[in-house]
Amino acid sequence: MRYLTAGESHGPQQTTIIEGVPAHLELLQEDINKELLRRQGGYGRGRRMQIEKDQVEILSGVRHGKTTGAPITLVVKNDDYKHWTKIMGTEPLSEEEEKEVKRKITRPRPGHADLNGAIKYNHRDMRNVLERSSARETTARVCAGAVAKKLLKSLGIEVAGQVLEIGGVKAENTEYNGIKDLQERTESSPVRCLDEEAGKKMMDAIDQAKKEGDSIGGVVQAVVEGLPVGLGSYVHYDRKLDGKISGAVMSINAFKGVEIGIGFEAARKPGSKVHDEITWDEKEGYKRKTNNLGGFEGGMTNGMPVLVQGVMKPIPTLYKPLNSIDIDSKESFQASIERSDSCAVPAASVVMENVVAFEVAKAIVEAFGADRMDALKRNLEEQRQWEREF
Ligand code: EPS
């Protein structure tokens, strides 16, 4: 399975094309809309989310509620486009129109792709950079992830997520009773946090940042349960699934770090306190007593829940101005903006769940190679049986 995304933040639409999804997976627009709605929410989002009501259209690869095995095209319209039809048009502008609509962007915003992208592609109007580097693109990635989640669910594999930290406020109580509990409780928190007390403090921190024209980041976690042993492989560096997942997480807009299991904490503990002891019983087969390694040993899943954390930096679009340089005049100016999210960490948690889901689904389809869901289910069931009997 692989996918491509296309679309500008204020262009007509976000497009996702997914190739390699097995035939006969039940897939409805509603399955994808559910994830899109989750991504749009969360405390700290700005005015743009009041304009957009993300709804997917499935344009290929699905017939009468089931995938056909052909490439799946998913489209989400940008409702804001109606305000940008001239600025974002694809046809050349007349001189008159150019004067009227072409507000050239020559002032790079610190922390964004603006300046590097402008130098790289020779854009004197940095709108050509920012339109595509915008996190609006995560809409398209969530579309791909929603299909992956549906595939995983039909195989008994669940994905969930939680916010662990926002603006320095840490969730202390992150215990949950099974993945369903995690899903339900985070769904009812405006910051997708299990710890209600910490959640309130996170919202206060977001309010404070907003008041000060600032932005805050945080730490989010994705959890995957129900995986077989041995997804990914130790035999070659580019087959290690933890590496692929980490790469996918780092590719989410504004992410600056990724950890698996206890991650950086492993540097501060002796081996005897890090490695998870192995147990066995007849019913369940091999398990680990703890899950410090987050479900991975040797680049392969070990059957324990996969735990991945990602760090999102504060959104760089700030009301509080930061110094920068105009690329035409070379004069210093203070970057300021008209609208932004003060915190998109809860939304980023949904995005991370979805990019992780895609990598996992891709690994499953690769490992249990199948063109059809019935064969995929059978192959995976055989593997599960094999693990129990090994
Ligand atoms: C974004 C800036 C804001 C965000 C946007 C990402 O958009 P605008 O510039 O139109 O106000 O709302 O996020 C989304 C549109 C979205 O769907 O998440 C940016 O610069 O990255």
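Cβ coordinates are placed from backbone N, Cα and C, and glycine is handled just like the others.
Since this is a predicted model, take the numbers as computed values, not measurements.
The feature NADP(+) binding site is assigned by TrEMBL to Arg39, Arg45. For Arg39 (NADP(+) binding site), the count of additional Cβ atoms within 10 Å of its Cβ stands at 26 [all protein chains shown]. DSSP classifies Arg39 (NADP(+) binding site) as helix under the three-state reduction.
For Arg132, Ser133, Ser134, Asn253, Ala254, Gly298, Lys313, Pro314, Ile315, Pro316, Thr317, Arg339, the entry in TrEMBL reads FMN binding site. Neighbour count (other Cβ atoms within 10 Å of the Cβ, all protein chains): 21 for Thr317 (FMN binding site). Look at Thr317 (FMN binding site): DSSP puts it in coil.
Put simply, Arg45 (NADP(+) binding site) is 15 Å from Lys313 (FMN binding site) when counted between their Cα atoms. With respect to ligand 1, the binding-site residues Arg132, Lys313, Ile315 contribute no residue with a C-beta closer than 6 angstroms to one of its atoms. A gap of 15 Å separates the Cα atoms of Arg39 (NADP(+) binding site) and Ser134 (FMN binding site). Residues Arg132, Ser133, Ser134, Asn253, Ala254, Gly298, Lys313, Pro314, Ile315, Pro316, Thr317, Arg339, recorded as contacting FMN, have a largest CA-CA distance of 45 Å.
All protein chains considered, the CB of Ser134 (FMN binding site) has 18 other CB atoms within 10 Å. You'll find the Cα of Ala254 (FMN binding site) roughly 15 Å from the Cα of Arg45 (NADP(+) binding site). According to DSSP, Arg132 (FMN binding site) is assigned to a helical segment.
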